[in-house]
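Copied from TrEMBL, the annotated features are:
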BINDING   7, 8, 9, 10, 178, 179, 189, 214, 215  ATP binding site
BINDING   52, 79  substrate binding site
DOMAIN    2-235  domain 'Aspartate/glutamate/uridylate kinase'
DOMAIN    331-394  domain 'CASTOR ACT'
Ligand code: ASP
Ligand code: MG
């Protein structure tokens, strides 16, 4: 049996018109010889009657914080509504389907309500349905504890449901349908000529997600990567072929950089030994930050100074902590961390040189850099970040790379 998991996001199932497009995607999969397992999110976005955020707005803050189990029960309702409504659409076309709760599809989780981890998937629940040529329509974002309580898997968790089921059923592919064509070389709101990425590796998507690009849940990518199942991000609203996420990504195209992402609201901190002479707290500063849950990155440690960045929203707790430890520091507010991501970086010399040349030509000051096997990060002042990203996007030939191939 060739199995495809087809996950439809909230905007894809939000109106009857869109649900008809969803139906077409399911019928196409059947026509191509696949047995589809459909996973749905709650309908629409905040403000729409059954969207997760709307449901959450029915509860007060105190209740939500102290009744996680009950909050999960409410949050799970959006997906439950979607699954029955989608089953109704299939029924209109005389297609047999079985709407299911996450738990009924076999997803067992721990009892970490609000962010539960899947501990087991019992495929005995779905296989007989597929064998009878019926389509399971599973409520995404939820599972059940061993003692029968409904849990949710963390916000955006329907992607996780799709990949968990794909992996348990050893699916041929997992399709994530949304309202954009796929993963882009850069945020199209920043780079006018951003183009669709045709193929990208699990690793690169992980880096993009870490950098704040909201395309797919990173946990979902991790699960698909472990089972080496290709993931395809596609648009419900057209016939574009989308972005394929797999092990090798775009290796065969010989490109160095696959995509550029950007994270604003960084503050660069500089703590020097000279300013803190005689203060033993200076030597433990990175540990102390960790213990106080202030996350830092772009960390450069020199014999006489430490430079790193923090998120702007942690600056006040950071400054209070520094005051208590009597540590002096200087800082650069309003920075952006640009990440150039590409598996090709490790094989090609001179990538950093190209970045420096490009940014210097544009008159953009680089405050700090760091690199790994797949990513080079540059810290710049936020007002120059748009120009920086556009120049890098142009000089690494990412413009208009691929057309949207119709399948
Ligand atoms: N409806 C859930 C959320 O908004 C899960 C999802 O959409 O993936 O987080
Ligand atoms: Mg989502």
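From the backbone N, Cα and C atoms, a Cβ is placed for every residue, glycine too.
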Residue pair residue 9 (ATP binding site), residue 52 (substrate binding site) - Cα distance, angstrom, rounded: 12
Among 52, 178, 189, 215, the binding-site residues whose C-beta sits under 6 Å from ligand 1: 52
Residue 79 (substrate binding site) and residue 7 (ATP binding site), Cα-Cα, nearest whole angstrom: 12
Filtered binding-site residues, from 9, 52, 79, whose Cβ is under 6 Å from an atom of ligand 2: 9
Rounded distance in angstrom between the Cα atoms of residue 215 (ATP binding site) and residue 52 (substrate binding site): 18
Rounded Cα separation (Å) that holds between residue 189 (ATP binding site) and residue 52 (substrate binding site): 26
Assigned element (helix, strand, coil) containing residue 215 (ATP binding site), judged by DSSP: coil
Three-class DSSP secondary structure - residue 79 (substrate binding site): helix
Which of 52, 178, the listed binding-site residues, has fewest other Cβ atoms within 10 Å: 178
Neighbourhood of residue 79 (substrate binding site), C-beta criterion under 8 angstroms, separation at least six: 40, 41, 42, 102, 139, 140, 141, 142, 158
